[in-house]
Each structure stands twice: as C-alpha cells, then as structure tokens.
Amino acid sequence: MNHDLNLPLPGLAPDAPPPRLLLVDDQPANIHALHQAFLGSGWQMLMATQGAQAVALCRERRPDLVLLDLFLADLDGYAVCAQLKADPATRDIPVIFVTAYEDAQCEMRALEAGAVDFIVKPFHPGVVRARVRLHLSLKLQADQLRHQALVDGLTGVYNRRHFDERFQQEWRRAQREGSTLALLLADADHFKRFNDRHGHQAGDECLRRVAQQLHAGLRRPADLIARWGGEEFACILPCTTAEGALYLARALEEGVRALAIAHPDAPHGVMTISLGLAAASPKPGHDGVELFKRADAQLYRAKSLGRARACAEGFN
Ligand SMILES: Nc1nc2c(ncn2[C@@H]2O[C@H](COP(=O)(O)OP(=O)(O)OP(=O)(O)O)[C@@H](O)[C@H]2O)c(=O)[nH]1
C-alpha cells in the first residue's frame, strides 16, 4: 500500500473526478513499473508507447499530467512536449520527463521544451509519487484559477469577459462558415421592486436561480450563457436562425416563470424575464456591434409590450 497516495491532493475538489495520468514509454515494462507506483491511488491511468499516440491522447482525453520517456520510436520526448506546448488545448498539461539519461544537457533541453520536471531512471517510486503529487496539485489549483476567471461569482454562469471572447470567436467562425449566429438578451422583470421588497440577499438568490434555469434550458453544447451585468443575461446561439432562437427564447421565458419565484409586486405574481433577440450571417469586415443593438432593441420592445415575453424582428 502506498500510504502517501491516501493523502488528500491539494487543489482537487471533493466532488471532482480522479486525476488522469498519461504514461508514455516505448517499453511496456517501464510503463508497468510506473503504473505500479500509482497502484491504489484511484487515479485514472492512460498509456501510450509512441509519441504521436501520446499527443493524440492528450488532445482527446486531456490528462492532468504526462510522464514522458525521452526516447520513443517515432517522435522523441522533446518533440512530443513541444507539440503539446504549442497547442492551446494541451499546453496547460504538465509534462515530467522520465529518462535513463542523467545528463544536464538533456535536462536543460527538456525544461526548455516546456517540461516541469525531470526524473532519472531507475526511479524510486516514492520520489515519483511525491513529484507527481506536487505538479498535479499545482496544475489543479491553476485550473481552478483559470475557471474562476471565466465565471460570474454570484450566478456560476460565464462572466462578461469570457462572453466577449467567445462572441468574437463565434462571430469569426460564422463568417468563415457562412452560418447564422443568434444573440439573445434576457432581463429579469421589475427586479428593482423585488430587491426593494425582499432585500438584496433574496435578490441575489433569485438571480442565481434564474441563471441556472437559463443555463439548463440551453440545448446544444455550443450554446453559451453569460451574466451580461446586473440582472441581465446574454446567450450566444451558433448556427441558429431568428426563428429557432425565438422558439428557444419562449421556452426559456416559460422555464423561468415555472420556477414560481414569488414576486407580489409584478403583474404575474412571480419572477419573469423579458427577452430580445437578433440573428445575423456575418459578412467579411462587419463586427457584431450591430447585432447587439438589434437584440437590445427587441429586448426594449419586449419590456414595452408588457414584459414576460420574447421579441424578435419580424415576429409579433
Ligand atoms: N440583488 C441584486 N440586485 C441587482 C444585482 N445587479 C443589479 N441589481 C438590481 O437590479 C435592479 C435593476 O433595476 P432596473 O434596471 O430599474 O430594472 P427592473 O426593476 O428590473 O425593471 P425592468 O427591467 O424595466 O423590468 C436594480 O435595482 C439593481 O440594483 C445583483 O447582483 N444583485
């Protein structure tokens, strides 16, 4: 039993899945020896005997850490590490080299290629575990910080900064692919009155529930919701026409209404939202500002028609 593996891993949330390690070595016996070092950890082990296979596994399965042999039959470890560091999807995965070459030049090259550590074979299993634990916990803590930077602290949906970035990406993608992108703006109705009657804490709780309901109501993996500010939310709906977005917006409105959050000072007696949306097939040289203006005008129309509804251009 490796007792050090039973210690809590700093940075690993209690409900998080177990960490995933990728072991890369052209000799199955070496993979077996590394694997033995982590027996009893409950961690997930992935294995590769070739460099290209290791890179592909990193892209597909996103391990939390890679233990990488220096000499492989196809790509050498430096090339594997450099490829991982060059790809935004894999660059944050820490790489530890494990090699029989106790040579300062090799170690320098490994660190220059982006490795976080260098272990010489034959290794002591306890030392490998200690180093892996250290780099794994640093990586998990960095993951948490990266995640917090994208998320709105109150509601748990994405924040406006992340929304702006993703909107630009989706806008460019729609330009390239000639597809239609819809933008949906949603605003809680008479929210000032809700705060005034129930207090800000209850207002915050209400916003959390509305945000989670909106999030749960999005149907496609590429759809994204963010808190746009205050009591307003924005959704990006890639590959969606105005008609499709209106269908979704109506379902979102019904979903929030069905939460039945008591709001005695609002016409329906419960919290409702108003939504405005617009869709565009972006042309080269156009930015998304106009789309925001058009969605905002429809939100204004929904408010002025009595709230608790969704409006889109060309639809009553
Ligand atoms: N509790 C809480 N209130 C917030 C938060 N952000 C914004 N608000 C409040 O939301 C209210 C928005 O008020 P208004 O913009 O007048 O809109 P409204 O009362 O919702 O009225 P309509 O939008 O016209 O239906 C203000 O009282 C803000 O203080 C927040 O994070 N928590």
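Note: Cβ is positioned from N, Cα and C throughout, glycine not excepted.
Per TrEMBL, the feature domain 'Response regulatory' maps to 20-136. The domain 'GGDEF' annotation in TrEMBL covers 179-315. If you look up TrEMBL, you'll see Asp69 marked as 4-aspartylphosphate.
In the domain 'Response regulatory' (20-136), helix, strand and coil residues by DSSP number 52 helix, 24 strand, 41 coil.
In terms of DSSP secondary structure, the domain 'GGDEF' (179-315) contains 59 helix, 33 strand, 45 coil. In the predicted model, the domain 'GGDEF' (179-315) has a mean pLDDT of 96.
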